[in-house]
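K.L.:
Before we start, here is the structure in question, set down as structure tokens.
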Amino acid sequence: MRTWALLLPLLMATAQAQVCSVDKTVFEVKENTNSSEPLLDIYVPEGQQVTLGPSSTRFAFRIQGTQLFLNVTPDYEVTQLRVFVSVLDVNDNAPQFPYVARVWKVPEDTKVNTTIIPETELEAQDLDKDDILFYTLQEVTLGASDFFSLMGTNRPALRLDQPLDFEKCRNMTFQLLVRDTQEENVEPSHTATATLVLEVQPADLRPPWFLPCTYSDAYVCIQAQYQGTVPTGHKLPGALVLQPGPIYAVDGDWAISQPIVYSFMKGHEDGTFSIDASTGNLTMSKSVPSPKTFLLVVKGEQADHGRYSVTQVTVEARDANGSLPRFPESLYRGTVARGSGVGVAVKDAAAPSQPLRIRAQDPEFPDLNSAITYQITNNSNFRMDGEAVLTNALLVHTGVFYAEVEAKNTVTSGTATTVVEIQVSEQEPAPTGTSGAGGGSTTNKPSGDQRFSAVEMAALGGVLGALLLLALIALMVLVHKLYGHRLKCCSGKALEPQPQGFDNQAFVSEEANWAPAPSPSPRPGRPPTPEPVTPGPTSPSPATLHHVPESPAVARDGEDPAAVRSILTKERRPEGGYKAVWFGEDIGAEADVVVLNEPASEADGAGDSGSEGSGDAGSDAGPGRGTEDPPGADSIYF
């Protein structure tokens, strides 16, 4: 018998590469041996599979699980067998980006469809060699996906889709997602992400803009043209006043903001005007002898000579004779304290903390405003100092002063006037005392240094006195309403009866019969109204004073007098007096009930005092009060 060896070089190499191993790579088998046992065990890492390689004698070997079996009975003289074991790759590794976050700078003037970032700088790596990676670009900055996109699903190169604008969007952030499967919900599937930040760099795209722009957007400015007027025969010392403003240009690329250099391109040949290269101020080099119009073309160029733009300045020379200045207000108001000396500024009445300013302007030649002088023509107490009003004398009296201010243009000799109303008021008070250095006493100042003037104190006293008088009058009215009847009772005079009232005077006398009064006989007409009894010089008796022949309740028009009956009560009121009430037979729930109390005169009180304690029921029930009753206790009428 002979033995032969099986060599497994490929198995060994593959096993080492894939971390797969066998316990031996060379083994011997006797010929003519039919063995059911495995030849060897193969160690395969989790997630991997092992199969026979293409160079193996496939019919002679098989792999079951991780074991190698022999399928034939070997013959040394005839048979030569070879076996190669290969390990299959499975998806067990996630892709990885070589960066977590990365920043790229993109020039603003980059052309559309340009590849901003190549594929080699963005792609991820996967250890599974057979995996195909799929990329997705997700925007983090809102609207960023409108500017950038990927070249393809499997090509992570970044491409520009539309022009960039530094002013609108300076930074854009994306998240780049990679997956090793095309579908999201398959198993196994692995993903990885990385952050991309794109910073837009400003580029010199726009020329200088002369301000103000009549229309502008991010790229275009329809710039201003300037106009001015100068007087003939005069050389103005300062920069010309132009409309709509001074010559001024800025770099259209705000982020770059190159300085602007100004110069003439046309219209300055005679040398009448000059322009400041750094400020753009236009000045006169000489006067213009006669009316003329100048068309000046001004150039504004970036300091780096990258870009420039031009504008037109129209200057008209006019005859200045007869041009008059104008005041914007016809009346100015100021205020100053009494006692102010010479040279004190008059304050603006509308803004007392600010000095009063009076300013005139020449509407035709604004450049001549600086040539206007001012003076007060009719009041020696004040004078002008430029545009300010100052005191010219000691102000000893309070009051309102008026002054006429004249404005004169020294170039055109034109004049204009306005009026100033100056209120001279009391001087503001000074502190009432000063503390000594030792921190002790405070010395009062003279009485003339008061917080309020005598006129103000008098006005305050008058107001307070009027308020006090009103308060007293209101108090007297209130007392009269609440306690007037008591005051009348205490004065010793009997109250006169009210004939038109509802007092039941027929039953207040001591001699009154307390039986129910008979119903009045029917009469065809209205019963005559009893005339009131006028008291004589002497106090009448209660019977004479209060006797009434019939009930005060009379029939109304169209009613039956028999329908009215009187009801009397002898109920004694605790505080004295009686109450008598009449009801109609057909009185309803809405009828009023009136309780009448009879006041007692001094004579009644005197007469009743003699009958008290006699035990007579009639006298005990009389309307008079005893001397112990408080005066006026029952003198209330409804």
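If you go along the chain as it appears here, the first residue is 1 and each next one adds 1.
For all residues, glycine too, the Cβ spot is worked out from N, Cα and C.
Unlike curated records, TrEMBL annotations are generated automatically.
So TrEMBL says this about it:
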COMPBIAS  517-540  compositional bias 'Pro residues'
COMPBIAS  607-625  compositional bias 'Gly residues'
DOMAIN    106-210  domain 'Cadherin'
DOMAIN    237-327  domain 'Cadherin'
REGION    424-449  region 'Disordered'
REGION    513-561  region 'Disordered'
REGION    596-638  region 'Disordered'
SIGNAL    1-17  signal peptide
TRANSMEM  457-479  transmembrane segment
K.L.:
Average the pLDDT scores across the domain 'Cadherin' (106-210) and report the rounded value.
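P.N.:
Summing pLDDT over the domain 'Cadherin' (106-210) and dividing by its length gives 93.
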K.L.:
When secondary structure is assigned with DSSP, how many helix, strand and coil residues does the domain 'Cadherin' (237-327) contain?
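P.N.:
Within the domain 'Cadherin' (237-327) the tally stands at 0 helix, 40 strand, 51 coil.
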K.L.:
Kindly report the helix/strand/coil residue split of the domain 'Cadherin' (106-210) according to DSSP, in that order.
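P.N.:
Final tally across the stretch: 7 helix, 41 strand, 57 coil.
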